[in-house]
Structure formats: C-alpha cells, structure tokens
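Scroll down for the structure; my scribbles are underneath it.
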Amino acid sequence: MVTISQRKTRLWQCVVVSIFVQHFVLPNEVDAASYRTAPQPTAALLGHTVKLRCSFDHLEIEDVVNWFGPPDFQHISKGRNVHKRYTRYSVVDSNADFGEFNLEIRNVQLEDDGVYRCSTFSAGEAVDAKLTVIVPPTEPPEIVASRRSVAAGQSLHISCRSRGGLPPPKLTWNNGTVPVDDTFVQSRELENGEVIFDLTIPTVVKWDNGVNMSCKADQGFPDLVEPRVTSFILDVQYSPTVYPIKNLWSVKEGTFTNLSCFVDSNPWTAVRWKKLDGPLPIKGKESNWSFLLTKVSRSDTGIYQCRADNGIRPADSATLSLDVLYPPTIQKTFDDKVNVLFGKSDFSLECKAEGNPKPNIRWRRTNTNLYFNNPLSFSRSDYQTEGEYECVAESAGFPATVKRTVVDVIGRPAILGGPDTLRTSQGSSLTILCEVNADPLPESITWSWRSSNGQEVVLSGNTFSGMDLTRRTTDMGAESILVIDPVSTSNTGEYTCTAQNMFGTDSRGFTILVEGDVHVPNDNKHPPLPKQTTVIMELEDFGGNVKPQRPHWVEKDPYAIEISYHL
C-alpha cells in the first residue's frame with residue numbers, strides 16, 4: 001500500500017525533473033545552429049568569379065564553419081581561414097556574429113567543378129551543392145544532309161553535330177517551332193566529345209518544301225550561355241500542279257485581258273499556252289504564267305490550255321474558257337419596206353440578231369411602247385396592221401440595237417364598218433360616210449340606190465336634186481360622202497358604196513328609213529332642238545370596231561359609223 005508520504009515524495013521528483021528539462025535540455029535544442037542560407041547548385045563560366053553562399057542562425061562562439069570541395073571534399077577553409085593551396089578562394093562576409101561564411105572563387109577553372117559542402121558540428125546534417133563550370137562551344141552546331149535537294153517520295157537523312165563545350169550540350173531538332181518526334185531522331189556521342197543528333201525523314205512530301213529544320217545546342221544554363229541554333233531549309237522537288245486563276249473569263253470586245261494560271265512546282269517553271277479549238281492568237285503574248293491580249297476580238301473566244309513541265313514527271317495542264325462579249329447586231333433578214341397582200345393569213349416577219357450574251361429580240365410599233373414577240377406575226381393582214389415597226393435586240397451590258405421596217409399592206413379596198421340601218425325624218429339633212437382603206441388608192445368609189453319598189457340607180461352628184469357626192473383622200477385611202485338635203489320619203493331604200501382598185505372591190509350597204517317629223521321629248525335633260533340642227537355622234541366600241549354612239553333621244557342602228565344627223 002502506497003502511503004501519503006510516498007505520494008508526496010514522487011510528486012516532488014516529477015517537479016524537479018520538469019524544471020531540469022526546461023532550464024537545461026530545451027534551451028540547447030532551441031539555440032542549436034541551423035542553416036539560414038544553405039548552399040545551392042550554381043553554375044559559372046570559365047574564368048569568371050562565383051560565390052557559393054552559406055549562413056547560419058544561432059551559432060555559438062565555439063562553433064566553427066568549414067568548407068569542403070573537390071576533389072573528394074578536400075578541406076578548403078576553417079572559419080575565415082582558407083588553406084594556402086586555394087589561392088583563388090576566399091571566405092567573404094565572414095562575420096561570425098551574423099553567421100555568414102560565403103565562399104568566393106575567382107577566375108573559375110575546370111578543376112573547380114564539383115560538389116561543395118558548408119557545415120558546422122552543431123548544425124546537424126551538412127548540405128552539399130554542385131558547382132558546374134561552363135565552357136561554351138566555340139561554334140554553333142553543324143548540319144550535314146545526305147543531299148541538298150530531295151525529290152518528293154524519297155527519304156532524307158540529316159545529322160546535327162556539336163563540337164566542344166562543357167557540359168556537352170543537349171541537341172534537339174525542331175520543325176519550325178515544333179519539336180520533332182523522338183521516333184525520327186537518334187543521339188550519339190563520340191570519344192572526342194562530339195555530340196551527333198541524327199534525323200531521318202522516311203518519306204518527304206511536297207508540303208515539306210521550304211520547311212525550316214533547326215538544330216539547337218543547349219547546355220541548360222540560358223542565363224549564362226544562350227543556346228546555339230543552326231537552320232536547314234528543306235528543298236523538296238516535285239512535279240507541277242496547274243490551277244487556272246478563273247475557269248471562265250468574260251471580257252468585252254476591244255478591251256484588255258490577261259489569261260492566267262498558277263503553277264505549284266519545284267523547281268519553278270513557266271507555262272506554254274495553246275488554244276484547243278483553233279490557232280493561238282498571233283497578237284497574244286506569253287508571259288510566265290499569263291497570256292496577254294491587249295485588244296480582244298470575238299474570234300478569240302474559245303478554250304485555252306496552260307501546260308507546265310519542270311522535268312519532274314508528270315507534267316500538268318489546266319484549261320480555261322475565254323468568252324468575248326459584244327453588242328447585238330441585227331442581220332439583214334428583212335428589207336426596209338415589206339409588202340403584204342391584204343387579207344393574207346399567218347403573216348410572219350422574223351428578226352435575227354447576233355451578239356454575246358444572246359440577244360433578246362422583240363418587235364414594237366414605232367413611237368409606241370407596244371411590243372410584239374419575234375417573229376412579228378398577224379393572223380390576218382389588213383390595213384390596220386400597216387405601219388412602221390422596229391426590231392429591238394437587247395443584250396445585258398450593251399445598248400439596245402434597233403432596225404426599222406415599214407409593213408406596207410397592198411390589195412383590194414376595204415370599206416370600214418358593216419351594213420347599217422339609218423332612220424331619219426322627212427325634211428332633215430342626212431350625211432352618209434363611206435370610208436375606204438386601200439393601197440393603191442381606189443380607182444373609183446361609186447354609190448347606187450335601190451328604191452323600195454326595187455328600182456336600182458347609180459348615183460352621181462347630179463342624179464337627183466338634193467343629193468351631193470364628195471370624195472377626198474385620207475392617210476389610209478379615201479372617203480366618199482353622200483349628203484341628202486332635204487330628205488324626203490322618196491329617199492327611202494338601200495344605198496351601196498362600192499370601191500374598186502386593181503386588186504378588187506369592196507362594198508357596204510346602208511338602209512335608209514324616212515319617217516315623219518321627229519318629236520324630241522321636252523324635258524330638263526334634252527330641250528327641243530330646232531330644225532336643221534346638226535348632231536355629231538360620239539364614237540364607241542362595238543365588237544372590236546369603233547362606231548358612233550347614238551344620242552340618247554334618237555333611235556339609231558348601233559352599227560352606223562361616223563354619221564352626222566340633221567334634224
């Protein structure tokens with residue numbers, strides 16, 4: 001059994017041990033020397049000065065800092081004292097109070113290359129650092145190729161050789177700025193210290209031509225020695241491929257053009273020009289990849305070939321088309337005047353025009369916007385179709401070309417209008433118009449009258465009292481006017497107008513009905529008309545023919561034409 005006295009004794013023992021650890025053991029661990037700046041791997045150029053840094057914290061007076069170096073960690077310095085063998089060495093900033101013991105080496109030599117150690121006993125495990133002495137290569141790497149030029153499809157072997165330099169540089173191949181795959185490279189080092197880096201391209205292609213292959217020699221210390229680079233431009237020879245700049249050249253006649261091809265080949269080659277559908281124009285000039293025509297004519301239209309041959313098979317060629325544009329020209333397929341027989345059916349007049357682009361051909365009546373298709377055709381020729389017509393040929397990019405002709409309809413007379421029934425009153429004045437279209441002009445226009453009892457009489461200016469006949473020439477032929485004044489019931493009957501020329505005759509009948517006095521309604525719209533008043537009829541369209549429109553208060557056959565009524 002543990003007594004109370006024993007427990008007190010053990011408690012005091014624990015307290016004494018704790019105080020001893022705090023005051024004697026722990027301060028030694030906390031105050032032990034440690035690296036503030038441990039030596040780091042360093043590089044220096046041959047002949048230059050280098051400083052290896054080393055510093056400690058918590059150094060005691062009795063702590064001694066030592067430097068060791070190559071070969072095999074020879075003792076170089078103790079504190080600030082450097083062994084006499086190391087005349088180019090010194091310990092700088094060696095202030096023990098600040099704990100700095102930096103080793104400086106002047107005029108660095110090859111024997112200085114190696115591992116260095118800065119240490120003190122109380123700092124624990126020592127830290128080592130490598131000093132690399134750099135000797136740059138005296139010249140850039142050399143590229144040796146199995147051949148300066150290589151044909152597409154063949155292999156190419158290139159070697160990069162570096163001489164001198166410590167440490168030996170590492171060689172790398174780049175295609176432009178892209179490193180070459182290790183599959184195609186092999187490195188080897190010769191006994192004399194030369195480094196060779198071989199590159200093999202199993203098959204070169206045309207796209208490799210002009211590629212910048214570079215070999216870089218790098219010692220791994222870019223801050224001290226810049227990498228040395230040598231370049232080699234691949235010269236890959238390949239057969240030509242010809243491309244037309246344009247497949248179709250559309251050029252206006254009389255202008256300049258420059259037919260051109262592009263040739264991809266190595267070595268470079270010009271082209272030979274040929275016209276496949278005829279002789280090459282003598283006026284043309286071949287210039288490298290172009291064929292120059294200073295003034296194009298329509299005969300130059302055709303297919304041209306440019307052919308390239310640089311001695312590497314196969315040769316190649318391309319074709320292009322020259323399309324010469326020129327304004328429309330109307331051919332002489334019709335005369336300035338075309339005679340057409342009256343009544344001829346299916347009349348047709350064709351207009352032909354040459355041009356590029358192909359002209360659009362139409363007909364129009366002169367001084368109108370009325371167009372007809374080509375050929376100009378009429379189902380039946382009459383005097384209304386007579387006139388001046390224009391053939392219009394139009395091509396995009398050029399003014400329209402026009403050729404005129406006159407369609408002259410000749411034949412028997414044609415009297416306008418059909419049979420008419422005219423009603424008038426006794427004592428009035430009646431004018432009957434017989435309008436004749438004819439070419440040539442009618443030799444005669446005669447009137448005849450068949451009375452209600454069947455008696456037929458040829459009328460003249462003095463056949464009956466009160467009748468007057470007048471003839472006059474018009475643009476389309478002639479007209480004859482029969483005036484009966486005054487009208488009597490005896491004038492009732494059938495009146496016939498007959499026109500005749502060398503081609504035949506035509507007639508038109510008028511039925512005259514004479515009634516008693518005409519009573520005109522007396523209303524607000526139409527007040528009574530005094531006797532002998534002349535009513536001029538307005539024209540209107542009946543079945544495609546222009547006819548006079550009757551007054552609202554006069555009974556009249558709607559087929560009467562151009563009649564003046566005297567009431």
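For all residues, glycine too, the Cβ spot is worked out from N, Cα and C.
For reference, TrEMBL has these:
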- 27-132: domain 'Ig-like' (DOMAIN)
- 141-231: domain 'Ig-like' (DOMAIN)
- 240-321: domain 'Ig-like' (DOMAIN)
- 328-407: domain 'Ig-like' (DOMAIN)
- 413-511: domain 'Ig-like' (DOMAIN)
Secondary structure content of the domain 'Ig-like' (27-132), with strand meaning DSSP E or B: 10 helix, 46 strand, 50 coil
Leading stretch by Cβ pairs under 8 Å, where the reference is the domain 'Ig-like' (328-407) and the options are 27-132, 141-231, 240-321, 413-511: 413-511
Tally of residues which DSSP labels helix, strand or coil - the domain 'Ig-like' (413-511): 3 helix, 65 strand, 31 coil
Counts of helix, strand and coil residues, the domain 'Ig-like' (328-407), according to DSSP: 0 helix, 46 strand, 34 coil
Residues in the domain 'Ig-like' (141-231) grouped by DSSP into helix, strand and remaining coil: 6 helix, 46 strand, 39 coil
Averaged pLDDT, computed only over the residues in the domain 'Ig-like' (413-511): 91
Helix, strand and coil totals (DSSP H, G, I; E, B; other) for the domain 'Ig-like' (240-321): 3 helix, 45 strand, 34 coil
